[in-house]
Ligand code: NAD
């Protein structure tokens, strides 16, 4: 798969607002304001490499909107990170938090780096150096980062530690997705996949799916892809195809997902195996490309890797009747129109992958109150919120006869609009003047 270009990612992201506007309760001025990020920070991070040389990395943090609360959003390490991508991701976070009714605005950040080329120590120096540069921009009451692609709990731990040192006070609430001994939440690691799983369980009731007869393809086998595949497999769903950046594997009878996770985590390679204890044996399968995976004849397609993978060039070839967007922005606007015309149900990213930010919110709440919850408590609360907001959006979709993405944006816009209106609108002030 070619790396996407991010030039129009932000323009593509905000274009979705105009469509949802007519179904939302928000005034035009508030809508215009949401088309412009509130603050953008670009930094240069000098890092002493292991061989003694100095390398400079470019990093970004964008706060899109904070009307509903402190801004929240992940940090991504990737060679493709650029300002348009970070702005689009920050924008999606504003809507994701609003659609889940979480009291946060949206933000995002990232560093333009290939983390696979860095040693562990170089990665730590880069992560701490980045926090040094953005320490005045973030904070538990202003802007709270979290993990995203190619960042993990260990990196969040270094960042929290660096921020706490700079401010000379222990501040676990500055960042979420931390290791549990450093104030992380139970259940955060699998939260994105689990949230999407709860959405699929609601669809299972609505569509009378029988798990054993329901075939699923998952693109991307990282944190989010592995979690959703594992939970669906445990319920009996047939996970017939999975992939990573090197390509995919396909087996019509379905894979044993715990075995695939075990071997991927041991060898860093995706292999078709069945494991008993530590002994793994190869099972017959077909190698496929990431493009072929998207076009498989399955019941549920789950893009869980990159943005812009379903485009005008393949939208007509997508066979799955249901697409659950675990990745952020996997479908372009034009592709969306084609999928809608073809009667596909797309559970949009801002809802389907919102489990991650929801448990990040739980983590922050626990940090702020200094009182920690059990795994069962976290899962129960996540289940309650995902189920409620999934059905809320689904009902808007049916009631207003619109696609599910437009319904999700309309719900989110109405909530943000209500917050903006509570601060006073042009109408309110002109009425007062007269
Ligand atoms: P990750 O780094 O753990 O995994 C990414 C996966 O994508 C890996 O398996 C990688 O091999 C694969 N990949 C990379 N390039 C690819 C390519 N060209 N083709 C196919 N696969 C490729 O990341 P993650 O946390 O699982 O995030 C995946 C997606 O989910 C991203 O879009 C991210 O923004 C979104 N997301 C993640 C979270 C979270 O909490 N982790 C929350 C919300 C959304």
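Even glycines carry a Cβ here, placed using N, Cα and C.
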Return the residue out of 55, 87, 96, 344 that TrEMBL annotates for the same substrate site as 72, 360.
96
Entries of 148, 192, 360 (recorded positions) sitting next to ligand 1, with Cβ under 6 Å as the cut-off
148, 192
Across all protein chains shown, the recorded positions 72, 96, 108 give the max Cβ-within-10 Å count at 108
Are any of 96, 192, 223 (the binding-site residues) within 10 Å of residue 108 (active site, proton donor) when you go C-alpha to C-alpha, and if so which?
none
Counting other CB atoms within 10 A of each CB, which of the binding-site residues 192, 223, 360 comes out lowest?
223
